[in-house]
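As recorded in TrEMBL:
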| type | residues | note |
| --- | --- | --- |
| BINDING | 97-104, 110-111, Arg147, 201-204, Lys212, 228-229, 272-273 | substrate binding site |
| ACT_SITE | His98 | active site, tele-phosphohistidine intermediate |
| ACT_SITE | Glu201 | active site, proton donor/acceptor |
| SITE | His271 | site 'Transition state stabilizer' |
Amino acid sequence: MAATAFHQASLQSRGYFCDSRLSLENGNATFRLISKGFKLDIAVLRRGNYCSRKRSFSVIKASNSQTTVFDQVSSPSNGGMSVSRKKSNEAALILIRHGESMWNEKNLFTGCVDVPLTKKGVEEAIEAGKRISNIPVDVIYTSALIRAQMTAMLAMTEHRRKKVPIILHNESEQAKAWSQIFSEDTHKQCIPVVTAWQLNERMYGELQGLNKQETADRYGKEQVHEWRRSYDTPPPNGESLEMCAERAVAYFMEHIEPQLLCGKNVMIAAHGNSLRSIIMYLDKLTSQEVISLELSTGIPMLYIFKDGRFIRRGSPVAPNVAGVYAYTKGLAQYRQKLDEMFQS
C-alpha cells in the first residue's frame, strides 16, 4: 500500500538501534527520526499487555529550502532542538472515534470498506469539535478511511484557534510538489494531518458488507459474537483485535509517541478497534479487559502525557464547562490565552 511506503523503518536485527526514516519530503527537505535504545519487537504478553524496552528519542531536522507543513510533524518547534534538550512538561492526546457511517446506519459490517459519514455522523463530528475547541492541537493523525478523515476535519472547524487542517499528500512526487505551501503566514495557520492505514478499522474479511443481524441468523449469535468481541479469533479471512492491535500500537509507538515527547499536542481520529488497541497500550489493559471496552462514536477522550506516563482524563463534557479544561495548569493557561485573544 502507498501508506506502507509513506512510513518506512529500517531496523537493526538485534533491536538496540532503530533508524526510522519518514519519507515525507517536500522539495529538498529530508527528515530522519532516530530512536536510540528501542527494542525491535513489540511483545504481546500472554495476558494481553503490550510491553517495550526502555527507549529515548531524539529528532534531527535537515535544512529546508521550501515552505512545507511537514516540519511541524517531524520535528520539535523552535528550531528543531533535540527532544532531550527541548521537552515539554506535558502534552495533550485526544482520541476520537469517527461519527456514524452510512453502513453503521444500515447495520452492515464495515471494516476497511471506505464508507462516508451520515448526517448524524457529521453532527457527531461537529459536536466532538465543540468539546475540544479549547484544547491545543498541533498535529492530527487519521486512518486512511474517509469517515475518520471527515471526523477530524469537521471537528477542527469548531476549534477556537481556527487553524486549517491540511492533509499531507505523499503518494507521489507530483502530489508532494503540487501540495506545497509558499506563504509563511499561511503555513503558521495550518495543522498537518497525517493519514496512515495502520490506524484503519480492523479488516472484517468475508463479513464486510454483510448485515449483522442476517449474519447472526446464518452463523449463530455465539459465533458472530466471538468474531466481533474475542481478542484473538478473526472472522473468515479477516483480522482479530490482536492483529489490529499489532499494527496500530506499533504505529503509535513509532510515529505518534515521539511527537508527544516533543511536547506536541496530538489528535487521533480513527476507529473502534484501532482506538481500543491504542487505549489498551495507554491504560495497560489485559486482553480480557480490552474486549469489554466500548467507545461511542464522536465522543473525544483526553489523555495527558507527562513525565513519560499517560494520564487518562476522560471526555470533555462541553465547551462551556471550565472545569473540563482545568485538568492541568497547561490546559487552563491555553484556554485563558484563547479567551484573551478573542476578547481583544
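Cβ coordinates are placed from backbone N, Cα and C, and glycine is handled just like the others.
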Taking Glu201 (active site, proton donor/acceptor) as the reference, which of Glu100, Lys212, His271 (the recorded positions) have a CA within 10 A of its CA?
His271
Is it possible to get the count of other C-beta atoms within 10 angstroms of the C-beta of Lys212 (substrate binding site)?
15
Between the recorded positions Glu100, Glu201, whose Cβ has more other Cβ atoms within 10 Å than any of the rest?
Glu201
How big is the Cα-to-Cα gap, in Å, between Gly272 (substrate binding site) and His98 (active site, tele-phosphohistidine intermediate)?
8
Enter the number of other CB atoms within 10 angstroms of the CB of Arg97 (substrate binding site).
26
Reported as an integer number of Å, what is the Cα distance between the residue listed as 'active site, tele-phosphohistidine intermediate' and Lys212 (substrate binding site)?
19
For each of Gly111, Gly272, count the other CB atoms within 10 A of its CB; which of these binding-site residues has the top count?
Gly111
